[in-house]
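Enquirer: Following this message is one structure expressed as structure tokens.
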Amino acid sequence: MLSSPHSIARSSLEEMLDSLRQRDEGEGGEHSKPRDLPPALPSRPTSKARLPKRLIQAKLAMQHVVSHNSHNSHNSANKKQERGQEAAAAPAGKSLNSIGQRLLENGGATLATPSGTELNNSISYFVKNVKNLTQECNILSVWCNPREDHWELAKIKSTAGEEASVTLSDGSAITVSTGELLPANTESLDGVNDLVELQYLNKPSVLHNLQYRYRNDVIYSKAGPVLLSINPFKDVNIYGNDFVKAYKEKSSDKPHVYGVADAAYHDMMKDGGNQSIIISGESGSGKTVTAKFAMQYLAIVGSQNLRIKTKLVQASCILEAFGNAKTVRNNNSSRFGKLIDINYNADGIISGVCIQTCKHITKSRVSQISRGERSYHVFYQIIAGAPPVLKDMLSLKMASEYKYLNQSGCLKINGVDDAHNFIMLVDAFDSLGIPHEVQENVIEWLAAILWLGNISFAVIDKEEHVQPVDDEASRTAARLMGCNMDDLSELLSTDKIHNMTIALTSHQATVKRDALAKFIYESLFNWLVQEVNASLKGDNQPARHTISIIDIFGFESFQKNSFQQLLINYADERLQQHFIRHLCKLEQEEYELDGVHWKKVESGDNQECVDLFEKKPIGLISILDEASTSSEATDETFTDKIKEDLSSNFCFSCEKGTFRVRHYAGEVRYNASGLLEQNSDKLQFDIIQFLSSCKKPLNQLASGVMDQVQTTSQSVVVKFKDQLFNRIQRLDNSKQHFIRCIKPNTKQLPGSYDIDVVWEQLKRSQVMETVHISKSRYPISFTHQEFATRFGCLLSDNLISADPLRTSVSILQMHGVPTQMYQVGFTKLFFQGQVDVLENWRQEVLDGTRAVENVFLGGQVLDFPESDSGIVTLQSFVRGENARKEFNVLKKQNQEMAPSSLDEHLTTIVHLQSVIRGWLARKYFNHMQRWKKSGIDSSRTRRRSHSKSSGFKGLSQENIQMLPQNIEELQKRVVKAESLLRERDLENTALREQVRQFETRLSEYETKMKVVEEMWQSQMASLQMSLAAAKKSLSSGISDGQTGRPDGSVSPNCYDSEDNISGIQTPVQMTPLRSGHNRRENNGVISNTVDNLSIELEQRKQIFDNDVKAVINVNPGHPPSSKQIEDYKRLKKKFEVWKKEYKHRLREAKTTLVSAETGGGGDKRAKNKNWWGKLSKRGKERPV
């Protein structure tokens, strides 16, 4: 950790006053500096696993080497002589020149804190002699803090005890405590390129140096191995082909992103390993632009043609339009982390580019944006820049008309021309070879997303179920997506779960509408990334090496932080740990393990916060993943769970509905509401099915995502962590170059430099610790064997030892390398510098050796010209021997292959001959048959026999002459027959597959028809039972009507109707008893009606049975025809109509029966009450 300001000030003043005291005592210049001696050899460890602790006894000074020119050296000598004369004349006097010279000589003083006694003595000495200082002593510049957190440059005027009087830059004088003063660097060090070059490294000095450069539009600075990039929030003229050429030709070494990219490319070509450029920083610090310029430089340096460079730049334009948006802190915030892999072949030429993105958090901004923010740039670009014809086709309106865009109240960005950016986007599409038709389809989908956000819902029943309003928004969205309005309405108003349709409320429908819009945008973005990678794939040359540029999320903290901020800040926390580990820990651990004398620099550690997220099984990620997969978990139970398990972690605190995490960059309060839902991210299958049915060329967007949904069931946070781990693992397997982006102010104003904002970022990113390590680090290291092998040529043969360590030390001693510039470890030699000098000497030795060898060999050739013929003869013998060996190898291979080839040829020849012989024999036999038949019918005269014989001989000769031609014709026929046979086999295979499919469909239809038949039979049986019960009740009612009801009771209040099968009862009003005569008449009518219904039921049953048999009469092996399917549907519909009508008539008969009921006893009422009840009970037990 950094020392306190008090300790730094006291130690620096002590060093400054020590130089004055040493001069007065005459210590300076009288004693010569002892000669540097090499360190004692360390003990050789017996085992590499157990290294002894620090066996180097010699303490090596870590001094900052300050180079002076010859003019300064000459002045220094003169000033020393004058100082000696002044000391002899007036030992107590002080002069400006002597004090200034002492300060220059003490320029490399370290900031080690001295003991309290030495400090008090130095201050006492300064107070004792300060009265002798002249007014010219104002050269002593310091930093004072008159107002809290506001450092000002001042000059010491006088001191009194523990106080000092200083003069500020405005001429005013104030008195401050000496403990509040910090030493200031000389003006010659203002604006140094590397913070390591500062003489005094403290907070005001570092901030002043960066501010000095920033005001002069120098936004890049070095902090040891890290490049600092301060966002200017404006265009600065430090890019372009001239600057690329300067860094490519090594004519400029100033800090620049081009310099980092060039170093990565140079290291790749030199060492042959993969490289990584890691760009980090808070949101709004300029990471995206920095990554763009790094990619631009690598594209120019590593490409031979302009095409790949143009495509790479245009790809960034597309991804920026679809993946970047305005937030409260950044006008061009990248909402997706990307890893750009630039692949190179062996010659250092780009062979292809691959861009990987984080696909898990890009879609949340489509439907929800906070106040003062914007959605993705592309929505505003198509609205502002689309031509009128395209706007009319898409029915585009102003951005303020769309709910997805106007909910934040921010529609424009100052200084950004969305219409111009749309033109650039179209040019980028053209450069990557995306057709205009596809471009129009992409824009149609974007417009459909905007119109989806305008769809509203209307309540349609008492349960608050809704349905989309049939207005311009719904109709336009359906038209742009290429679907039916009814299908879209059904999708947004219902959910289908396990073949069940559930109506949605207004909130549920809105969530599903937003899910559809987000899914479309996510699929569209992933498709665009695939198209970009396909265009940047390049040739098919294998990639030899890769330079990766990682531009990941920056730390975010808003008034309301949700799941998206949780993932972003977790990734930033993990990357910060990677940064600290590689820049502050690994190097120091290597020094300690190798026994190097090293004063450890303590650095911060965020391991506890990382454990809060990743620790298993009680880490935040594990708990969130487990809760997301549980059906019983809610936001409240999740909050209770993390409060119970994580409260012991210092970085965590929980409140009602929220929890806080102390990140390295600050504490963030997260809202627990909705975390589980966003983490599960369950995609409903009906959305994918709906998009697949849309009549648009890009409807295949759903297919790729559907495959991902089917192949993985992990939650979003687990997939995000796995992807992050894979990227960090790739970084560990490469040489890494770091760029830390700094945001100078929070208002995104050009030229504004807020020291508090800058200092917080420097402190959080451990930049000061990195610079402290770099001031005394050893950037170059060799193993003992490597150093002895590489520079052994610098020693004579008699000094070379078998021990590589002794050889290495001898090299260093012989060439006078200062001991403070290197250290000897157990296994390695570590250097701060001077290696380039050894490299130059080594190159001179090698060049001289080559020159001597060339001269010697050249003389030998001139002295022995007769050796030419011998060399030629020897070469001819060697070539002949090689040729004979190759011939024997080929001969052996041919001998091994010959038998099998010969057998195949003989088999083919014999087969062909047999076919030809058979054809000739058949032809000859047919001819003989015709000849014999004609000979029997004709006269058997000698003349005719002679003519027949001569004709046969002529025919035989003709056949012999025609034999070669027939063989060729036969071969053609054989080939043709074989091809026809293959075609027939393919046709038969296809027909067998069709037959199999038809058989499958036939079995399905037979099963369905049997089920329908059983259902109809069951329904018929139920109706028969109902009629039977009705008849029985009627007959009993008639007999009871004849005798009357003795108790004069009225009919029941209600009867169970046939609808009671479904649980519905029909209430009936109480009616008085009717006369017996009327009842007999009514009973007669009712009896006729019931009989007619029974007869009709039997007839209909017979008709429907016959129709069913006719429909299902399908021959086995043949699929049902379309006519049979239509007959089946028509019969089913006919049966449903008759069934409904018959039920109605049966219900009317029941009503008539009820109305005809009169008095009766209690027992009779109980008897009449429930033939319908029994029917109802049987109906419930037997499904209809």
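We number each residue from 1, going along the chain as drawn.
Each Cβ is built from the backbone N, Cα and C atoms, and glycine gets one as well.
Where the annotation comes from TrEMBL, it is an automatic prediction and has not been curated.
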Enquirer: Which is it, of 865-896, 1153-1184, that TrEMBL names as region 'Disordered'?
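Expert: Checked against TrEMBL: region 'Disordered' maps to 1153-1184.
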Enquirer: According to TrEMBL, region 'Actin-binding' applies to one of these ranges: 103-125, 149-171, 724-746. Which one is it?
Expert: 724-746
Enquirer: Scan 330-378, 624-672, 967-1015 against TrEMBL and say which stretch is down as coiled coil.
Expert: 967-1015
Enquirer: Between 65-93, 1051-1079, which stretch does TrEMBL give the note region 'Disordered'?
Expert: 65-93
Enquirer: If one looks at the chain holding E282 (ATP binding site), which residues at least 6 apart in sequence have a CB under 8 angstroms from its CB?
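Expert: R329, G554, F555, A665, C741, K743, Q761 - these are the non-local Cβ neighbours of E282 (ATP binding site), listed in sequence order.
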Enquirer: Helix, strand, coil: count each for the residues of the region 'Actin-binding' (724-746), based on DSSP.
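Expert: Each residue of the region 'Actin-binding' (724-746) counted once, the result is 9 helix, 8 strand, 6 coil.
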Enquirer: Could you tally the C-beta atoms, other than its own, that fall within 10 angstroms of the C-beta of S283 (ATP binding site)?
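Expert: The answer is 20.
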Enquirer: Counting across all protein chains shown, how many other Cβ atoms sit within 10 Å of the Cβ of K287 (ATP binding site)?
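Expert: Looking across every protein chain shown, the total is 26.
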Enquirer: Are there any residues in the same chain, six or more apart in sequence, whose C-beta is under 8 angstroms from the C-beta of G286 (ATP binding site), and if so which?
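Expert: In sequence order, S229, N231, C741, K743 meet the Cβ cut-off.
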Enquirer: Work through the binding-site residues one by one (S285, T288) and point out the residue whose CB has the fewest other CB atoms within 10 angstroms.
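Expert: Among the binding-site residues S285, T288, the sparsest Cβ neighbourhood within 10 Å belongs to T288.
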